[in-house]
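The structure appears below as structure tokens.
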């Protein structure tokens, strides 16, 4: 990226929760990629006025404004598909927090629409920019997996996607709200097939456990478990066994710094045409595969209720 960009892309941030607030902060601070972006305002269903001197604008104005060329969609997952479609149809580039949609077919269609419009559609995956993932990638490369498991636990009282009807309506089935874990497994071990999936719910105890059995292309078993309930701590437990040894749990590999900013850098590189067609196609294939798996997991769990 050049220090002095020839032009800036006007940006609107849709949704000002945790992710949206971080996006606004990064856009307002002097970073190399932020120099290519000009924050025009934010869109929210709530009447908020200004936030840190950033003005609120209506969705209609954001869609119709020639000044706005890019939308950062940071709203709840259930609204992503509609926002993406509206902004692409209005001729805007789109960055969206994961999951892009709660449907594989919808994501495929939106990418086709982006291609027709000649616009960038970028799904954020900050979990792949974490220090933990970089460590795992180095540990896994070139090794022959025998079996593995990934367990993610979270306390129920946190403001975090749970299995309650309201939360599932907003953030999707646990396979979608927890798709970052699925993305880790696919990025580490390649495309996976679904063997079985079950969902245990005890609503009176505010407890949920999803257990997914997957298989690599070499028929190696991988188990993914999402567990949420009172008394649990937010934690990630992993166990990978290779022919050459084992990796049990994650060492302390450092603080995850500026992961949303790193994602913004990737998005700007796409705006500037600095990604090859092969790189973009591989990324799209991985994302669609994860969404397809999440949908299959939901179908399996729903059929056993």
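Any Cβ shown, glycine's included, is placed from N, Cα and C.
Note: TrEMBL annotation is automatic and uncurated.
The structure displayed is predicted, hence computed values, not measured ones.
Going by TrEMBL, these are the annotated features:
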DOMAIN    9-125  domain 'Gfo/Idh/MocA-like oxidoreductase N-terminal'
BINDING   16, 17, 18, 19, 44, 45, 46, 77, 78, 79, 80, 98  NADP(+) binding site
DOMAIN    133-252  domain 'Biliverdin reductase catalytic'
BINDING   289, 290, 301  Zn(2+) binding site
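What TrEMBL annotates, mapped onto the structure for a quick look.
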residue : record               : contacts (Cβ under 8 Å, 6+ apart)
16      : NADP(+) binding site : 24, 42, 44, 48, 51, 74
18      : NADP(+) binding site : none
46      : NADP(+) binding site : none
78      : NADP(+) binding site : 102, 169, 170, 171, 172
80      : NADP(+) binding site : 73, 96, 97, 99, 100, 101, 102
289     : Zn(2+) binding site  : 186, 191, 192
290     : Zn(2+) binding site  : 179, 182, 183, 186
301     : Zn(2+) binding site  : 173, 175, 197, 198, 199, 210
Within the domain 'Biliverdin reductase catalytic' (133-252), residues counted as helix, strand or coil by DSSP: 33 helix, 51 strand, 36 coil
Largest separation between Cα atoms (Å) of residues that the record links to NADP(+), namely 16, 17, 18, 19, 44, 45, 46, 77, 78, 79, 80, 98: 22
Residue 44 (NADP(+) binding site), number of other Cβ atoms within 10 Å: 18
Integer average pLDDT (0 to 100) for the domain 'Gfo/Idh/MocA-like oxidoreductase N-terminal' (9-125): 94
For the domain 'Gfo/Idh/MocA-like oxidoreductase N-terminal' (9-125), the number of residues DSSP places in helix, strand and coil: 47 helix, 29 strand, 41 coil
